[in-house]
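Participant: Before anything else, here's the structure in question.
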């Protein structure tokens, strides 16, 4: 564990140098807001901060709740939301994510050691090894620190870094059995962006399995209590309940169709107004419709369920950002034992690289140079989100295949002939 800590400090040092260099380049560029504009976050904040500083009402639709708005306003007003402040949040997130892996993998080793007698005789190579525990901590830290999406989010100084820190802390609380803390953190995350409410399900499943059914009321009660308390405080700060329509209504209704990395903006730009409500509900339900079937299938693995739901909300939310993608990508090393069963890694990797390079190019050609149109940029964002869907489904199917091989053995035969598992 000491060696892992030393390597983690080395990674933090190297990543700090990378972030500092990128921040310096961003400050010197003639149009530093291009990166931020693509992330679709800071643009709203700057408009609100200007209105608020002039004594005006800030809630004209900016996806920011009153407490979040006042916190970020104070950071900008006094600290200018400097890179060190965001960098500190990123460091805390890295430490929390490393703790997530350690708290998740260690009980998995114990569980599999107790069930090894039930496994097939030729499945010994599939069982987790204790030697992989320290390596996994480094993989998770490196995946978050050097992921271009999290680095871009940090350099752009978006508020996504704080949301990621809260979600990482919620996973740590869940794996350590702190049901009240978990409920409060999910309540805080839901208060910020609404979509994390679905993460309450894997937490409840985990507490039921690890503790007892009697603790069911604790995370739910803590969630409802913290969320309602935050709403009451927000209403007191704002002087009315108008902030609900301007924040959660803004998220659900998606009135701003500014181009981003999501799927909403292009579709609803082309949509006839009288069809808007129906397709808006159809699009929004995609972020939550997978909760029930996945909860039934992955009820014995709440951590994988939470990561899958985190990925689906990052894909199907109305205003996604690159930082949302970077968070669940950093959790993938928790299931590095599933990599041999994944069959689309090369295709998905190529799609991520291609879309990450072509996205900014098509955006600049369309918005700033005028030599392209919306179809070019939307084709890239569509491929980017398709790659994420392929990645999540490949990971889930790999989990199913590994479970099968643990109990049925690695040799697959049907009527004396070689066979293989396929997803239908």
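Glycine residues also receive a Cβ, built from the backbone N, Cα and C atoms like all the rest.
All annotation found in TrEMBL is predicted automatically rather than curated by experts.
Heads up, here are the entries from TrEMBL:
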SIGNAL    1-17  signal peptide
TRANSMEM  49-76  transmembrane segment
TRANSMEM  82-104  transmembrane segment
TRANSMEM  166-188  transmembrane segment
TRANSMEM  194-213  transmembrane segment
TRANSMEM  220-241  transmembrane segment
TRANSMEM  247-268  transmembrane segment
TRANSMEM  275-296  transmembrane segment
TRANSMEM  308-334  transmembrane segment
TRANSMEM  346-368  transmembrane segment
TRANSMEM  374-397  transmembrane segment
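Tell me about the setting of these features in this model.
Facilitator: Listed by sequence, the residues of this chain that lie at least six past the ends of the transmembrane segment (194-213) yet keep a Cβ under 8 A from its Cβ atoms are 167, 170, 174-175, 177, 179, 182-183, 186, 219-220, 223, 248, 251-252, 287-288, 291, 295, 299-300, 302-303, 305-306, 309-310, 313, 317.
Residues 59, 65-67, 70, 179-184, 186-188, 190-191, 200, 204 of the same chain lie 6+ residues outside the transmembrane segment (220-241) yet bring a C-beta within less than 8 angstroms of a C-beta in it.
Sequence-distant neighbours of the transmembrane segment (275-296) (same chain, 6+ residues past either end, Cβ-Cβ under 8 Å): 195, 198, 201-202, 205, 252-254, 263-264, 267-268, 305, 308-309, 312-313, 316-318, 396.
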Participant: Residues sitting near the transmembrane segment (346-368): Cβ under 8 Å, six or more positions beyond its termini, same chain?
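Facilitator: Long-range Cβ neighbours of the transmembrane segment (346-368): 31, 34-35, 38, 148, 259, 261, 374, 376-377, 379-381, 383-384, 386-387, 390-391, 394.
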